[in-house]
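Asks: Starting off with a structure, shown below.
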Amino acid sequence: MTAQTLDPATAPEASWLRVCRVADLEVERGRAALLGSTQVALFLLPDGSVHAVDNHDPYSGANVISRGIVGTRGEAPTVASPMYKQVFDLRTGACLDTQGKDPAALRVWPVLLQDGDVHLLCGDAR
Amino acid sequence: MTARIVVVGAGMVAHRFADSLVSRAEQDISLTILGEESRRPYDRVGLTRFFDGAGAEDLELDPAVLEDPRIRLVTGDPVAQIDRAARTVRTASGAELGYDHLVLATGSSAARPPVRGAEHPGCFVYRTLDDVEQLKAHVERRASQLGRPVRGVVIGGGLLGLEAAGALQGLDAEPTVIQSSDRLMSAQLDLPAGAVLRRLIEQRGIAVRTRTRTTSVLAGEDGEVHGVVFDDDTVLETDLVVFTVGVRPRDELARAAGLVCAPRGGVEIDPSCRTSDPDISAIGEVASFEGMCVGLVAPGYAMAEVAADRILGGGATFAGYDLSTKLKLSGVDVASFGDAFATTPGALDVVYTDPVSGVHKKLVLSDDAKTLLGGMLVGDASAYGALRPLVGGALGGDPAAYLMPAGGVEAPTAELPDEAVVCSCASVTAGTIRGAVHEEGCTDVAGIKACTKAGATCGSCVFAIKGLVGAELAKMGRSVSTALCEHFEMSRAQLFDAVRVSGLTTFSSVIERFGRGRGCDVCKPVLASILAVLVRGHVLDGENATLQDTNDHVMANMQKDGTYSVVPRMAGGEVTPEGLIVIGEIARDYGLYTKLTGGQRIDMFGARLEQLPEIWRRLVDAGFESGQAYGKSLRTVKSCVGSTWCRYGVLDSVGMAVNLELRYRGLRAPHKLKLGVSGCARECAEARGKDAGIIATAQGWNLYVGGNGGATPRHAELLVEGVDDETLIRTIDRFFMYYIRTADKLQRTAPWLEALEGGIDGLREVILEDSLGICADLDALMAQHVDSYQDEWAATLADPAKLARFQSFVNAPSTPDPDLAYVPERGQVRPASIDERRSGDVLIAGTTLEVRR
Ligand SMILES: Cc1cc2nc3c(=O)[nH]c(=O)nc-3n(C[C@H](O)[C@H](O)[C@H](O)COP(=O)(O)OP(=O)(O)OC[C@H]3O[C@@H](n4cnc5c(N)ncnc54)[C@H](O)[C@@H]3O)c2cc1C
């Protein structure tokens with residue numbers, strides 16, 4: 001979700017938070033970020049887009065999603081939880097391979113890339 | 001003449017009916033489906049996926065079915081009247097349509113109980129896409145108005161109510177489930193099972209009140225719901241109410257047309273699914289069979305098949321309801337099947353309860369304890385897919401085996417009779433699945449889904465299907481597809497050779513040349529391992545860093561709370577007193593839980609990502625190196641003390657063990673490799689349980705290969721006998737390299753050897769007699785490995801780019817994960833359980849763990 005169309009100026013109620021520089025991220029190797037008490041997993045893809053999802057893994061309860069393997073399932077960019085290997089769609093947070101468990105999804109944050117900075121849309125304005 | 005068939009209702013069962021009818025009709029037919037909802041048929045069973053981000057398009061049922069030119073779908077125009085004499089229906093918009101046969105598939109509507117105030121705008125039901133859209137909008141609107149999490153009351157604690165409560169949690173709302181009877185899911189569970197379920201639900205953060213009736217919903221002057229009143233006059237504050245108290249069959253059209261309806265609602269049908277008017281059938285939730293309507297999709301699908309068959313002149317009959325169900329709430333496993341309440345005369349119960357881990361399982365058996373009649377599974381329903389098809393058949397074995405904790409039970413698919421129903425949603429039998437493998441050429445679950453619809457609805461049977469397909473293919477002498485994943489058609493062995501021959505050195509170049517897409521968690525670690533053997537770069541060099549599996553990712557073993565354990569190498573199990581002191585100091589300073597491993601070394605648990613480099617700096621400074629306990633690579637060479645100290649020792653087993661461990665350290669393989677060296681035939685090192693086991697004899701070393709401990713123990717087989725050091729090492733070199741080159745992903749040496757052509761004799765021909773002419777290659781590859789070994793951790797500490805990857809947060813590089821929590825145990829610590837966290841009994845928070853330096 002590289003929401004280049006979303007402009008902080010035209011979305012005043014939304015709080016865009018600068019998290020890091022794009023250059024702090026490595027292609028296809030995730031990083032965790034801390035927003036208050038919430039943990040977000042950031043992923044930079046080969047096409048230059050950045051995706052932000054829960055770092056919290058709903059299946060294991062541990063904060064590990066940022067340490068999963070990034071890949072694709074069909075058209076969907078994905079991350080696989082390093083704990084029990086459930087695979088999630090980075091665009092929607094939906095679980096594409098539940099490993100036989102019940103479905104559970106990751107929260108997704110809108111991302112804005114501006115001047116080499118990564119901003120996330122935070123709070124209830126989503 | 002074309003037979004005109006009209007279906008009222010465009011829900012799940014109507015869709016199945018259409019599919020069945022047009023795919024089988026040989027005669028001329030036209031099919032018109034008249035739907036009230038303004039949408040194309042969608043997956044109501046999967047409605048809750050809407051809250052996981054699934055849009056209306058994602059929920060739509062296979063649109064290809066309705067593209068058949070014989071079918072016309074009209075949405076958003078309900079049928080208002082049936083004229084049986086004229087054989088026409090009239091829609092709300094006034095359109096009139098004649099029929100030769102009419103099918104009622106109008107489903108049910110969600111019931112609203114007679115509660116005062118139930119019509120306030122903050123009250124919802126949970127049946128249609130419109131319902132869930134409105135519910136979501138309300139929660140989001142109220143949350144932003146109130147500036148706090150929204151509270152929600154779900155009235156009705158059945159399957160649907162629990163699903164709705166889970167959905168509310170997914171929207172960050174705080175749900176309370178209100179149940180009038182004494183337990184949750186009272187239609188499926190007895191009192192003890194219901195009690196266990198309640199604890200699981202509460203542990204998940206959903207509040208529960210049983211034996212509670214709601215008398216009214218309160219709304220403020222602003223019209224917003226703010227509470228509910230119970231029959232004991234207590235009030236619970238809430239910002240919304242969801243009613244999940246059951247459904248009412250939509251039989252109003254049928255009643256007005258004078259069709260016979262059941263006293264408790266629903267259009268009466270006979271086993272051919274005909275109503276009291278032979279030109280009209282009723283299927284799905286609106287149909288009442290033997291006085292009962294059932295709110296499950298599987299019986300509706302079965303009726304759809306029967307009705308279609310009858311219209312086409314067949315003689316199919318509806319056999320009655322299968323009431324098996326499984327709760328779709330993540331983290332709470334519940335299933336109930338067959339005669340769960342043991343109503344069959346003489347039925348016996350077998351119950352297994354483990355209140356500590358929240359598991360309750362009950363099987364209902366016939367009076368001779370041989371036939372499975374039904375059961376309830378709470379907390380662990382992994383056996384559901386295997387057990388449900390066995391209902392009515394012989395259990396075959398000790399019933400208790402099915403109740404024991406997960407892992408023990410293999411799905412008994414091999415013995416399933418052809419008539420056993422494997423997928424109850426689509427009512428597909430084992431025989432149908434076997435037929436699809438033989439006649440339709442299906443080779444995997446996806447193929448079976450497309451071909452038979454088995455496994456496509458709730459998915460709880462996919463493992464059973466997988467087992468059946470594998471067994472059938474094996475019977476036909478065909479192997480299951482060896483493609484690695486959707487990105488590579490090749491097997492691991494083929495890919496190894498492709499990389500070796502092409503000389504490619506990076507994942508990107510390999511996938512571009514031999515695969516497609518960007519890879520995934522299956523092919524990336526496989527290639528990481530292949531490249532580690534053939535190219536020998538550091539696991540965190542450049543692109544390699546994006547390929548590594550869980551543990552290799554940061555060169556440590558991930559534990560359940562996301563922290564790591566650290567294992568320095570102690571070759572042959574040798575460690576100096578100074579080394580022990582350093583390890584003790586590190587474990588003490590970082591508060592690490594310390595335990596000996598089965599491989600004769602020391603494991604330190606609870607190290608956080610950002611602590612790994614500091615810990616390793618101290619270990620490396622003290623002369624330790626990575627133990628590769630995290631890798632699919634050589635782990636340890638276990639040894640007994642041997643001839644240097646032991647009165648019985650024949651050869652120096654420790655010396656050989658150290659020698660071998662230093663030779664193969666860091667060698668990546670399809671799976672982990674373990675060795676053992678025993679100094680005499682007493683075999684104290686248990687070497688024959690290892691991938692390569694070496695036992696000293698008076699004549700020299702005996703080498704055994706392909707052994708395994710763990711879940712499927714296997715003794716290693718004798719490969720060579722009485723050899724000297726040099727021959728021993730050369731033979732192991734070739735054995736390992738041949739295995740690394742040809743094994744499948746995650747295949748240990750034991751199954752590899754079993755599958756190898758010619759078994760141990762075949763192996764001997766290849767690596768001792770060089771029957772394939774590859775021994776020189778194998779030797780050269782191993783020599784390169786030995787020459788290029790470097791300690792991965794020392795190399796990491798010397799490279800700032802690699803070290804940057806160990807920061808806990810990109811915007812807070814050394815802040816510990818704030819959610820870590822520990823409790824003391826036997827003088828050390830362990831991660832706090834969910835209960836302990838919730839009750840606040842956590843004595844040690846990860847963040848405040850004192851670090852002495
Ligand atoms: C959230 C949820 C979860 C569920 N989970 C499960 C589960 O896990 N397992 C399971 O077996 N079942 C489950 N169910 C039940 C399952 O969805 C139903 O059994 C199934 O949808 C019944 O299909 P049907 O075609 O009979 O009725 P419906 O799917 O309700 O379709 C009937 C359609 O007919 C339309 N209609 C009614 N009257 C008229 C008219 N006069 N003219 C035109 N159209 C009309 C209705 O608007 C509706 O669209 C679940 C249901 C819900 C709501």
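Using the three backbone atoms N, Cα and C, a Cβ is placed for every residue, glycine included.
Pulled the feature table from TrEMBL, pasting it below:
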BINDING   B:C640, B:C646, B:C680, B:C684  [4Fe-4S] cluster binding site
BINDING   B:C684  siroheme binding site
DOMAIN    B:4-291  domain 'FAD/NAD(P)-binding'
DOMAIN    B:421-468  domain 'BFD-like [2Fe-2S]-binding'
DOMAIN    B:559-620  domain 'Nitrite/Sulfite reductase ferredoxin-like'
DOMAIN    B:631-769  domain 'Nitrite/sulphite reductase 4Fe-4S'
Asks: Does the domain 'Nitrite/Sulfite reductase ferredoxin-like' (B:559-620) come near the domain 'Nitrite/sulphite reductase 4Fe-4S' (B:631-769), with 3+ Cβ pairs under 8 Å (pairs 6 or more apart)?
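Replies: The answer is yes, given that the two segments have at least 3 Cβ pairs within the 8 Å cut-off.
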Asks: Would you mind pulling the DSSP three-state label for B:C646 ([4Fe-4S] cluster binding site)?
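Replies: B:C646 ([4Fe-4S] cluster binding site) sits in coil per DSSP, no helix or strand.
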Asks: Can you list the residues of the same chain, besides B:C640, B:C646, B:C680, B:C684, whose Cβ falls within 8 Å of the [4Fe-4S] cluster site's Cβ centroid?
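Replies: Surrounding the site, in chain order, are B:V641, B:G642, B:Y648, B:G649, B:S653, B:S678, B:G679, B:R682, B:E683, B:A685.
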Asks: State the count of C-beta atoms found within 10 angstroms of the C-beta of B:C640 ([4Fe-4S] cluster binding site), not counting that atom itself.
Replies: 25
Asks: Validating a neighbour-count step here. Other CB atoms within 10 A of the CB of B:C684 ([4Fe-4S] cluster binding site): how many?
Replies: 18
Asks: Measuring CB to CB from B:C680 ([4Fe-4S] cluster binding site), give everything in the same chain under 8 Å that is also at least six residues away in sequence.
Replies: B:C640, B:G642, B:C646, B:Y648, B:G649, B:V650, B:L651, B:I695, B:A696, B:T697
Asks: Is it possible to list how many residues within the domain 'Nitrite/sulphite reductase 4Fe-4S' (B:631-769) are helical, extended or coil according to DSSP?
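Replies: Per DSSP, the residues of the domain 'Nitrite/sulphite reductase 4Fe-4S' (B:631-769) fall into 52 helix, 35 strand, 52 coil.
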Asks: Kindly report the helix/strand/coil residue split of the domain 'BFD-like [2Fe-2S]-binding' (B:421-468) according to DSSP, in that order.
Replies: 25 helix, 5 strand, 18 coil
Asks: Looking only at the domain 'FAD/NAD(P)-binding' (B:4-291), what is the model's average confidence as pLDDT?
Replies: 94
